[in-house]
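Comments concern the structure below.
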Amino acid sequence: MSTFEQKNWFTEVHADVESAYSLKITEKLAEQQSPFQKVEIFQTTQFGKLMTIDGCTMVSSRENFLYHEMMTHPALFTHDNPETVVIIGGGDCGTLKEVLKHQGVKQAYQIDIDEVVTQMAEQYFPELCESNNDPRATIMFDDGIKFMKDAAPNSIDIVIVDSTDPIGPGEGLFNHAFYESCLTALKPGGILVQQSESPLYHLSLLTAMRHAMEDVGFADLQTLNFPQPIYPSGWWSCTLARKSQSIDGFREDDVKQATFETLYYNAEIHQAAKALPNFVKKAFARS
Ligand code: SAM
C-alpha cells in the first residue's frame with residue numbers, strides 16, 4: 001500500500017486491489033520516522049484525528065471504538081475468568097483501555113515495538129490513553145515476537161495481537177513460530193485473538209492464518225467480522241483461537257449485566273459477528 005499526495009486529502013492506495021480510501025484533512029499535525037516506521041498524525045474534517053503508519057490508516061478518533069471493542073470484549077467474555085492479558089502491538093492504547101474495563105483482569109501487559117506510537121497517542125488521542133496509569137497496566141516497548149517466545153508456559157489467559165499488517169515489524173506475528181509461542185504461553189482454555197484483515201480483500205491471508213493456528217495445535221477457532229470504515233474495504237475481522245475446549249459459547253448474561261459502557265459491542269453484536277458469508281466458509285474449509 002502507498003499514498004499519493006492530493007491537496008487537503010489523505011489517501012491510502014490499496015495497490016493490490018487497485019482502489020483507494022480518502023479522508024479530507026485540514027493539516028498534518030505531526031510526522032516522525034522511528035527506527036521501525038513512519039508515524040503521522042492528520043487533522044481530518046469529519047473523523048477527528050487520524051494516525052497512519054507507513055501510509056496505512058491505523059486509528060481515527062471517530063471510529064476506533066469498532067475495532068478496539070471487537071478485538072477485546074468477545075475474547076474476554078468467551079474466557080471463563082480472564083485475569084492475565086497480553087496485548088502485542090496496540091501502541092495507541094485503545095485495546096488496553098477496553099481490556100481494563102473488565103474488573104476481573106488483574107494484569108494487562110502491552111508490548112509494542114515502537115515507543116513513538118504511544119507517545120503520539122498520548123499527545124493526540126488522550127482519550128485512548130486514559131487507563132495507562134491503571135495499576136494493573138504494564139506498558140513495555142519491545143518486540144512482541146521475542147516477548148511471546150520468552151513468556152513462561154501456561155502463564156497467560158488472553159493474548160491479543162493488535163498489530164500492523166504482515167509487512168515490516170509485524171510480519172513475524174503471522175506465522176507458525178509465533179503461534180507456537182502463543183499456544184505454549186497460554187493457560188489451558190486460554191485464547192489468542194488477532195486482527196485478521198479484510199474478509200473481502202485478504203481472504204487468502206486470513207485463511208492461511210487460521211490454517212497456521214490449527215496446524216500448531218489450537219483446539220478451536222472463530223473468525224468474527226465487523227465494520228471498520230478506514231481500513232481497506234471497510235470490512236474487517238479478528239480471529240480467536242482457543243488452546244483447549246470449544247470457542248463457541250460466551251458469557252452472555254455477563255455481557256448483558258456488564259457494568260461498563262461500550263459503544264458497539266453487545267450480546268447481539270457478538271452473536272451476529274460470528275455469522276460468515278458462504279464464500280468465506282468455503283475458503284476456510286479444509287478437505
Ligand atoms: N488497529 C491497527 C490496524 O489493524 O491497522 C493496528 C494499530 S496498532 C497502532 C499496531 C501496532 O503494532 C503499531 O504500533 C506497531 O508498532 C506494532 N507492532 C508491529 N510489529 C510489532 C512487533 N513485532 N512487536 C510489537 N509491536 C509491533
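Note that the numbers count up from 1, one per residue, in the order the chain is shown.
Each residue, glycine too, has its Cβ placed from N, Cα and C.
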Per TrEMBL, what member of Asp16, Asp80, Asp112 joins Gln37, Asp143, Gly144, Pro169 in binding S-methyl-5'-thioadenosine at one site? Asp112
Which of His68, His211, His270 does TrEMBL put in the same spermidine site as Asp92, Asp162, Ser163, Thr164, Asp165? His68
Sequence order is fine: just name those recorded positions in His68, Asp162, Ser163 with a Cα within 10 angstroms of Pro169 (S-methyl-5'-thioadenosine binding site). Ser163
Taking the recorded S-methyl-5'-thioadenosine site as Gln37, Asp112, Asp143, Gly144, Pro169, identify the other residues of that chain whose CB atom sits within 8 Å of the mean position of the site's CB atoms, giving them in sequence order. Phe36, Gly89, Gly91, Ile113, Asp114, Ser163, Thr164, Gly170
All-chain count of other Cβ atoms within 10 Å of Gly144 (S-methyl-5'-thioadenosine binding site): 27
What three-state secondary structure does DSSP assign to Gly144 (S-methyl-5'-thioadenosine binding site)? helix
Per DSSP, three-state class assigned to Asp165 (spermidine binding site): coil
Mind computing the max CA-CA distance among Gln37, Asp112, Asp143, Gly144, Pro169, which the record assigns to S-methyl-5'-thioadenosine binding, rounded to whole Å? 16
